Amino acid sequence: MENGKDSDVSLVGVEEETNPQEDAGTKEGAESSIAPMKSESPQCTEQDANTNGGSKVKRPAQWSTVKHSTRTCIQATGVSFVCAFVSVFSDPACPALSDLVDASLLAHLKEMGFSEARAGRALLATRGGPATLETALSWIEEHEGDSDIDDPLTPEELATHKPAKKTPLSEEEAQRMAYELQKKLREERLKREKQEAIEKERLRLQQSRAILEQQSKLEEEARKRALCQLQREKEEAKKERERQRELLRQDYRDRFGCEMPDDPSQADVEERVSKMSGKDKVAFFSNALFKRYRKDEPQKLLVCLTTLRLYVMNAKEHPTDVKYHRIRKENAAFKSRVMVCEGSLELLEACGFKDRGETLAIEGQPDGFILAQAVKFLDLLIGQLRG
């Protein structure tokens with residue numbers, strides 16, 4: 001064959017001009033036109049001959065008819081194939097999710113954090129009524145516990161629903177829907193912020209309460225430690241006094257070879273003091289305190305007497321102000337200035353300050369006369385120390 005012309009049937013030939021009978025022909029027409037060729041003897045024409053290795057090969061005279069008929073058959077067959085392909089790969093019974101629900105509502109639900117499957121099921125389940133965001137959210141809330149709520153939608157599920165007739169929203173309807181959605185989102189945000197503020201305030205109060213309880217506990221422990229320390233100091237002072245007395249007795253025995261005569265008993269002293277008047281008690285305890293520390297610790301005694309005078313003077317000059325009628329035992333100045341001198345508490349008690357556990361307090365109206373006498377005695381003793 002020369003140059004391969006007219007050697008094969010090609011689909012390009014469909015674009016060539018054909019007679020009206022070929023355009024209107026069908027597959028059966030093509031077969032009927034090909035059938036007579038099987039019975040007829042092939043006849044060749046001179047112009048259709050081609051050379052092949054030096055020998056001439058003649059084509060049948062019906063070749064042109066076969067060519068045009070085959071093109072028509074291929075045309076019909078190609079159209080049928082395309083139709084079959086479309087019918088196989090497109091399932092009209094399985095619509096897409098976007099054809100069944102409102103795409104804008106589906107997008108809003110997905111923006112709110114719901115999966116496409118959950119949002120799609122909610123919108124499909126509420127198709128019977130008005131398609132609104134509220135109904136979809138209500139359905140999601142009711143079916144929150146369903147195990148398959150987030151499973152992908154299957155073609156079988158989608159096939160049970162008919163595509164909804166989509167009608168374009170008017171501008172007013174779109175604006176109203178957008179306004180309602182914004183309002184809903186704003187209300188939810190305000191509600192969430194209010195709940196967060198309440199929770200934050202609750203946590204703050206809880207933390208403040210815990211801090212106050214911890215501070216109170218620490219203060220109580222510190223107070224107990226201070227009381228224990230004060231008790232230990234009293235016991236140590238008492239033991240020290242007993243040791244000093246024992247040393248005096250031992251020194252007396254070494255010098256004179258006999259026991260030192262006992263001092264008047266404490267009971268006798270207390271009985272004698274109890275019979276004294278308030279003025280005499282103040283004088284007695286002031287002189288006892290003065291004699292005990294004047295020789296060995298005069299500076300310590302001066303600080304103690306000066307502090308005692310301040311307490312007594314405040315109570316005398318402010319008879320109606322209760323804050324001057326109480327002395328805290330845990331007060332650092334009181335412990336370091338007054339408590340270190342034995343007999344100072346007895347002097348305060350003679351002035352009206354009674355022991356109330358953690359405090360020394362004057363109950364009722366202070367006795368101005370006793371307080372004035374105490375100030376007078378203390379001024380006299382302080383003057384002797386400074387002179």
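Every residue, even glycine, has its Cβ placed from backbone N, Cα and C.
Where the annotation comes from TrEMBL, it is an automatic prediction and has not been curated.
Just so it is clear, the model here is predicted, and its values are computed rather than measured.
TrEMBL lists 40-54 with the feature compositional bias 'Polar residues'.
According to TrEMBL, the compositional bias 'Acidic residues' annotation covers 145-154. With DSSP states grouped into helix (H, G, I), strand (E, B) and coil, the compositional bias 'Acidic residues' (145-154) comes out at 0 helix, 0 strand, 10 coil.
The domain 'UBA' annotation in TrEMBL covers 100-143.
Summarising the annotation, TrEMBL assigns region 'Disordered' to 1-63 (among others).
Annotation comment: TrEMBL describes 145-175 (among others) as region 'Disordered'.
Residue counts for the domain 'UBA' (100-143) under DSSP, helix first, then strand, then coil, are 30 helix, 0 strand, 14 coil. Long-range contacts of the compositional bias 'Acidic residues' (145-154) within the same chain, counting only residues at least 6 positions beyond its ends with a Cβ under 8 Å from a Cβ of the stretch, are 97, 115, 117-118, 120-121.
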